[in-house]
Amino acid sequence: MNSYLLIGLGAAVGAVARYDVTKLINRHKETIFPTATLIINLLGAFLLGIFTTHLIHDPSWLSLLGTGLCGGFTTFSTMANECLIMWQERTFHALLWYLSLTIIGGIGLATLGLLI
């Protein structure tokens, strides 16, 4: 199957999954902290690590699940926007935690996924 089609299909599923997970997590949210985006990006990094390890010899599946699904599921732009909002609202402590958890947690979980 065409790589572009596989990536597009995976991205569509990933984007819908992100929307649903965000709604589920934010249903009872009472804080400014962007918990949903953090969880989504950490989970996406972990899954990409797993997919990269186990699908390295199957480019079609890696395109579908790695590039497509994980690319559509995770969201750098939302994270950047949430950081800007925290900066503007001067919630620097939350901003520092969010960036630290996203970067260090993302690298750690991607590494764990690679090792599984």
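Backbone N, Cα and C atoms are what each Cβ position is placed from, and that goes for glycine too.
What TrEMBL says about a protein is an automatic prediction, not a curated fact.
As annotated by TrEMBL, Na(+) binding site applies to GLY71, THR74. A C-beta separation below 8 Å, combined with a sequence spacing of at least six in one chain, links THR74 (Na(+) binding site) to GLY14, ARG18, ILE40, ASN41, GLY44, ALA45.
The transmembrane segment feature in TrEMBL is assigned to 33-52 (among others). Long-range contacts of the transmembrane segment (33-52) within its own chain (CB-CB distance under 8 A, at least 6 residues past either end) are made by residues 18, 21-22, 25-26, 61-62, 65-66, 69-70, 73-76, 78-79, 82, 94, 97-98, 101-102, 105-107, 109-116.
Here the transmembrane segment (64-88) has Cβ contacts under 8 Å with residues 6-15, 17-18, 32, 34, 37, 40-41, 43-45, 47-48, 51-52, 55, 94-95, 98-99, 102 of the same chain, all six or more residues outside its ends. For 64-88 (among others), the entry in TrEMBL reads transmembrane segment.
Residues 32-34, 38, 41-43, 45-53, 79, 82-83, 86-87 of the same chain lie 6 or more positions beyond the ends of the transmembrane segment (94-115) yet place their CB under 8 Å from a CB of it. For 94-115 (among others), the entry in TrEMBL reads transmembrane segment.
Secondary structure at GLY71 (Na(+) binding site), taken from DSSP and collapsed to helix, strand or coil, is helix. Counting only same-chain residues six or more apart in sequence, the Cβ atoms lying under 8 angstroms from the Cβ of GLY71 (Na(+) binding site) belong to ILE7, GLY10, ALA11, GLY14.
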